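All remarks here apply to the structure that follows.
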Amino acid sequence: MATLSVPEPVPSPAEDAESIHAAVKGWGTDEKALINILAHRNATQRKEIELAYEELFNENLTKRLESELKGDFEKAVYRWNFEPIEREAVMAYIAMKKSFNFHVVIEIACVNSPNELLAVKQAYQAKYRHSLEEDVASHTAGDLHKAFSLPLQLLFALVSAYRYDGEDIDVRLAKSEAKVLQELIEENKLNHDEIIRILGTRSKAQIYATFNCYREEYGTPIEEVLAGESADEFALALRAAVACIVDPHLYFVEVLHAALEKSDEDTVTRIIVLHAEKDLGEIKEKFQKRKNVPLEYAVAKKTSGDYKAFLLALLGD
């Protein structure tokens, strides 16, 4: 359930382009006018506005906005202006090339359906002329190898997968692999190839079945068991992957809550922008239920200015 609200009737792309041009020309920028347009248009409409703007004013809209805006507001608008699949590819590239935030790539690999993940990888390759898998693998070289080789093994398996997307499961296999997981967790062998194989190859339905067998047989949900394990890089990556598979909306609630508490604007922006046209409504509902406060209130309390106004518009407030 998306939160994006689009007005009826919608102005034509040319009318929106002219309004945006009026908002950015001259000495000052009318940020409120930009938010009123850009935060209330879907991906197709934003693309049409961009094309109309370039035709009318002979300049690239994204570059103009980059030159006019600043700070977290500029980053949020820049990321929002991409089409959803391309946006995920851009976020993956930033995570791999600029900050090495493996959580971003885990989210993209584990939350998307097989076809959605394939589309993101195709967009990544078209935009950057090399594959996401190639860029993940490149981090195993040099100084990064020592620090990140273990989470990268898991990361590479996750981004390389094209899982079966149906609901059929093998109960005997689920019980067998639940036992494998229990033995490896008990022996503190979280980085074992078998754990990587199970998470990196099985369908989500099969993984759900395995986790259900684990809970029924050993008395505790696997995500709770892993929460008590070490805080090394592989354990963090493993917990993120399991959480994304088990309950992605709850995962994003916890990540958002932590990011707001730490004033981590990049993470707040990423989640709200990536999900506004997808399932932000479900994340909002679960945030309210788990934290006893509306997500809009939490965002408003921890952000300010045009950045806050833009995020709240995407949240439907």
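For all residues, glycine too, the Cβ spot is worked out from N, Cα and C.
A TrEMBL annotation is a machine prediction, not a hand-curated record.
Per TrEMBL, the features are as follows:
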| type | residues | note |
| --- | --- | --- |
| BINDING | Gly26, Gly28, Glu68, Lys262, Ala300 | Ca(2+) 1 binding site |
| BINDING | Thr303 | Ca(2+) 3 binding site |
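Long-range Cβ proximity for Glu68 (Ca(2+) 1 binding site), meaning a same-chain Cβ under 8 A and a gap of 6 or more residues, is found for Val24, Thr29. Distance from the CA of Thr303 (Ca(2+) 3 binding site) to the CA of Gly26 (Ca(2+) 1 binding site) is 28 Å. Ranking the binding-site residues Gly26, Gly28, Lys262, Ala300, Thr303 by the number of CB atoms within 10 A of their own CB puts Thr303 at the top. Thr303 (Ca(2+) 3 binding site) and Lys262 (Ca(2+) 1 binding site) are 11 Å apart (CA-CA, integer value). It is 22 Å from the Cα atom of Gly28 (Ca(2+) 1 binding site) to that of the residue listed as 'Ca(2+) 3 binding site'.
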